[in-house]
């Protein structure tokens with residue numbers, strides 16, 4: 001027979017629950033309630049939908065910030081509305097209450113354990129430790145002191161319509177725009193009619209936005225509607241663009257004009273450090289227009305699964321804004337028929353800073369590899385190098401490994417299984433592959449002690465995935 005140990009609730013917990021049940025008692029007591037009781041009682045009130053208690057607690061909140069996002073993951077729109085009603089009561093007051101410290105309603109999806117820290121403190125009585133463990137959160141300096149309340153939010157526009165929480169919030173903000181500042185640092189557009197996107201962007205201070213991801217199947221005419229908003233995001237640090245297509249109804253002249261309108265917006269983005277472009281078809285033959293408008297030194301540059309001309313690569317190697325790159329990802333760009341001299345020049349230019357290099361699936365063949373080896377061997381800060389999906393032979397692979405031997409910071413290396421590993425029909429010959437891995441293991445360990453080297457196969461025709469193997473026999477790495 002199993003015996004369970006029942007832990008009775010602490011006196012503070014019982015007092016808090018009693019307070020939530022008695023509205024009249026709550027009104028008279030909150031002004032004198034110890035600060036450490038507010039977070040656990042607020043969680044209790046929110047989960048139990050004690051709306052009147054929530055309104056009162058918001059008005060007496062003893063911290064300058066209310067991080068509400070972790071709590072609204074619970075399906076409780078009624079409790080969320082009660083919090084907004086409590087804020088309304090505060091904003092409508094002519095004179096601030098003695099205890100009013102609340103300045104920030106934080107709806108960002110941040111990794112912060114505010115509620116967990118305080119609930120654990122409640123359980124163990126370690127309130128002093130809870131105060132010490134709170135992490136400072138960056139404010140919005142551009143609006144400091146202008147409005148009594150700042151609302152931080154991350155906008156994920158992924159459905160045809162907004163979720164009920166965001167709809168409720170934006171309607172509330174729209175009706176009180178003179179009393180508060182809506183600050184959005186991260187904007188992610190994954191699918192929504194642009195007329196809806198436009199109405200939301202008009203409510204947000206675009207100068208606050210630091211990260212933007214657009215992952216929609218937009219054609220150029222839709223991109224032109226977004227372009228003016230991009231130019232106003234003057235503090236943008238990270239931009240991700242995916243699946244931008246050229247409509248077949250757009251003439252070459254129209255395409256050039258649209259690309260010019262879009263790329264000239266980069267002249268205004270003087271804080272941009274990270275640029276990611278995946279499956280962006282309008283770059284072909286126009287990369288120089290974008291690069292010439294960059295006014296900052298990029299730290300991250302990713303151009304993947306795009307079609308580029310050889311002239312585009314030449315312009316990339318000559319761009320002054322890429323000389324301090326830490327990450328360069330050109331995976332999925334077909335280079336088979338191109339000279340790799342521009343890539344060699346590019347690697348020479350970033351050798352002092354480059355830490356991550358991805359050249360997967362570029363179709364680089366044996367005769368092209370030698371062009372980049374001297375520059376690659378001078379990338380002394382490199383810690384990750386990926387070269388999967390390039391059809392090279394055993395001799396070329398050995399030559400490549402011998403040139404990376406002096407890269408002491410290299411921790412992860414990914415290479416393709418050499419062509420000798422495959423049969424005439426293109427399928428992997430397992431016995432031959434095992435023999436090649438054993439030969440490579442002996443060769444590499446004669447040269448150096450690698451931290452991690454993986455060899456990958458071609459994509460499986462059945463599952464569409466690759467398999468990765470390290471140098472040890474029969475060891476598969478997912």
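Going from the start of the chain as shown, residues are counted 1 onward.
Just so you know, glycine gets a Cβ as well, placed from its N, Cα and C.
Feature list (source: Swiss-Prot):
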- 99-126: repeat 'LRR 1' (REPEAT)
- 181-205: repeat 'LRR 2' (REPEAT)
- 206-232: repeat 'LRR 3' (REPEAT)
- 233-268: repeat 'LRR 4' (REPEAT)
- 269-294: repeat 'LRR 5' (REPEAT)
- 295-326: repeat 'LRR 6' (REPEAT)
- 327-347: repeat 'LRR 7' (REPEAT)
- 351-378: repeat 'LRR 8' (REPEAT)
- 379-403: repeat 'LRR 9' (REPEAT)
| query | Against which stretches of its own chain does the repeat 'LRR 5' (269-294) lie, if we need a Cβ under 8 Å and a gap of at least six residues from its ends? | reply | 210, 220, 230-231, 233-246, 255-256, 258-260, 263, 300-309, 311-312, 315-316, 319, 321-322
| What else in the chain is close to the repeat 'LRR 9' (379-403), if you only count residues 6 or more beyond its ends and a Cβ gap under 8 Å? | 331, 347, 350-366, 369-370, 373, 409-416, 418-420, 436, 439-440, 443-444, 447, 456, 458, 466
| said: Treating G and I as helix alongside H, and B as strand alongside E, what does DSSP give for the repeat 'LRR 6' (295-326) in helix, strand and coil? | reply: 12 helix, 5 strand, 15 coil
| note | Using DSSP three-state counts, the residues of the repeat 'LRR 9' (379-403) come to 10 helix, 3 strand, 12 coil
